[in-house]
């Protein structure tokens, strides 16, 4: 086979291409890349291609043909060597692809009320959030546990005891701790799975009314099929994606709540299909021959293209369908009763397609412990090899090697697994019981320590950073500006204007004369400003999609109805509903200045003047806001004058090219944006009857197009958007959540990078980023220009690369293009920004961004959200937080001393004797919460993970070796050849050393820590009393000489000797000497905390100052007081220890 030459392109972004091909000639045939010299070294062979050529190169370098294998190597030798491997690989790939095949999504034709006419078989409309079923639960849980080396190691060691040649102890000494850990895990997973099963069953069992030929029937949500006509009542969840056919509201429209779908708390206005809304009764839906053509299922929740066709009329009726005619699943009906035809079910609904499957999250602590366990296992293997080497490789040395591995298996303590799981559960309980964050619910107890290792915080905007409450702040007319303190002037202008208009319409009456005289004597400038204010306020009151809703005083509580013109509803029971809080804020402001919206339906709206008169305007056309156009418009006809006016409002970037030339719009928009206000530009244009009729014909024709409908409709509307009269500029402020600014500032000082991912529009997200101080006032903002091709993305990335220390604002569409072609480059540049804002993000895009940060940076991520659109992001993050689940604690780590004993004592040591003190360390605090909040920079040390680094681990291993040597060899040297009590003394010293080590490690004492110390000590004392026979057997497992000395004694003397052992002063002095020498050396000669902090570089200047500031606290002085008492006790009892040692020598001589 010809050699393959790897080529390195000159442009940086071209490095991501897989430019591998067989020869220079093949490369020239399939690419613009050319090799300069074939004889050159491979590392010195650059690629010659210009930047322009690179941008225009569309070659797929992953599919370039390789050099063909020569015929001689295609023979029997190749078949024998590689043929079977190729065949097996191909078969396995085909089998995997066959099992994972996905059904191709297609457009569909849905007949009303006739599911049997569907040509395809569509998925069942069932919600399933369970991770396992009854058959995969046990295998799945065990796989998740044993895929980690720590648990797999314990399993292998336990299974080895079934082999007689390798058995070195009782089975329960190995299986009891492992079974305890697995039982706790399985029970926890079973409880969580059962809860998910109950929630799914509750959702799938919800009953809905299904309209059939025989009338209404009740059907479960899981039994709904494509083509069914479903009736959904007010405050009821929509079970599947439907096309809106009818409503009980007279207006032919309804409101739905979409907070669980897109995170926006504002109600969305939905319009029923006019052809079905005009039918006299519900049963008439079966008397017509109609169907809905719907596009194939897709992720985008903000767009839909379809057509409603009625074939039984002459001619056939065709009505275009858009997003306003749809009812997506997981939304809630907010007003009236709706009837819709099901078009998508189950996993084809928008909500399910935008939700990723839940994954089993593993904490960083577990991953680090898994690596440390592997290091300990390598040390264990090395130690076993050394022991076999010293033995001389005699006999079956491999059996001895495995036995040594089993004997040293306790170097990896299973108590670590037990204490870790219980400690995490305790942290979860502490978070829920914290008085500073009441109402917190911890959904999982496996990853609470992740809160102490976060680097990236990804947050939603609506409802998380903001309260989603808008307040009108500024009105600018070009020459004059009005703020909150001058709104009364606007009100006076509106009163005067409508009083003058009403007096002119009513003729020369005595009541109207006084109102005109002040105006006639007013200056000319005053009249000009007054008329401009009148036009601006009227435009704001008409150009919107707001509907007034009145709470009915009679009938069923909670029922709403729309106001009639002849009804006199007070302002107290009127509320406004709209798809955006900006709209509501503007209409509420016009009401405050005197022009009130009192009624609206599909064809008209009514305004009430300050004098109480009703003005009626007929709605001819509405152009809703879209992320592409960044504006909305409406065409209305005045009932009294018949004038047709086109009103439009939108973002300044979109409106600046539509309105007539002016010299103040750009400057004032910048001023308001710097104040954190959301700006809207309002304009109008008067139309003649002929102009409107021509526009309407072209507009209706464009709406019926099947292909490129949005482009054709936009082109028709743009024909009107020319030379519009600029009326005013408005500024609205979004109310932030309490303490958002100081919280974000504290997180930034802690070294956490904050990304805001929102589905809102770019201008809104930018304003919130400024007002919340996510972007400081001294930082620049780079707004990523909309891009659609690879070349545009390349140019924009180069422009962004030249900027430094600036925040990035990018839309979801541009983000998709950048990630498609320049994923690595984009993530690298964005991670250097102090803040990133991604707007118009879909739920899947949010989750994708989280995964990108995890993959490219390897850092821990946290996602915060409050709606159903944030579920995918929360599930993908290492630590997911709902709006009701905020937490601020991190874990405290501790390594216990290494045990070296077997049998029942090992089980007790691992699960009983030392569990309580080590577990009580979850209550310890190196820094008080008040100090941590005052100095958030301390958090940076936690994110570096130095508390559990290999250096810290090595230090604790050395301490364990030192303590084990002192305990064992100290006891042997003390008694020389007397091995009668060596096990009891050394093991007792081990327990006491462990307890005192915990006491010396504690920085802040808690009363539960004291209880844990004495409880563990009491458990061991009780075991000495109840397990005398067991301790005696341990003594007899020494040398043959020791066994002989015990065997020739009488049984009565043996019992007396065992009873007096624990109570003898010699035993107590020997035990206390062993463990005190370990702890005193730890305290005096080798201060482990100082060495650990020095090696791990944790003792930074700030950290040291904070610790020194806490030394004078009474809680820390308690720990130092314990150390002083130990010093005094040791030096005062030195002589007693020597005396008792001499006495024991005499006692041993008498036994001989």
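Glycine residues also receive a Cβ, built from the backbone N, Cα and C atoms like all the rest.
Where the annotation comes from TrEMBL, it is an automatic prediction and has not been curated.
Annotated range for transmembrane segment in TrEMBL, selecting from 1008-1027, 1028-1047, 1048-1067, 1068-1087: 1008-1027.
Of the listed segments 354-374, 375-395, 396-416, TrEMBL assigns transmembrane segment to 375-395. The binding-site residues in question are 462, 866, and the one with the fewest Cβ neighbours inside 10 Å is 866. If you draw a 10 Å sphere around the CB of residue 870 (Mg(2+) binding site), it holds 31 other CB atoms from the protein chains shown. In the three-state DSSP scheme, residue 870 (Mg(2+) binding site) is classed as helix. In the three-state DSSP scheme, residue 460 (Mg(2+) binding site) is classed as coil.
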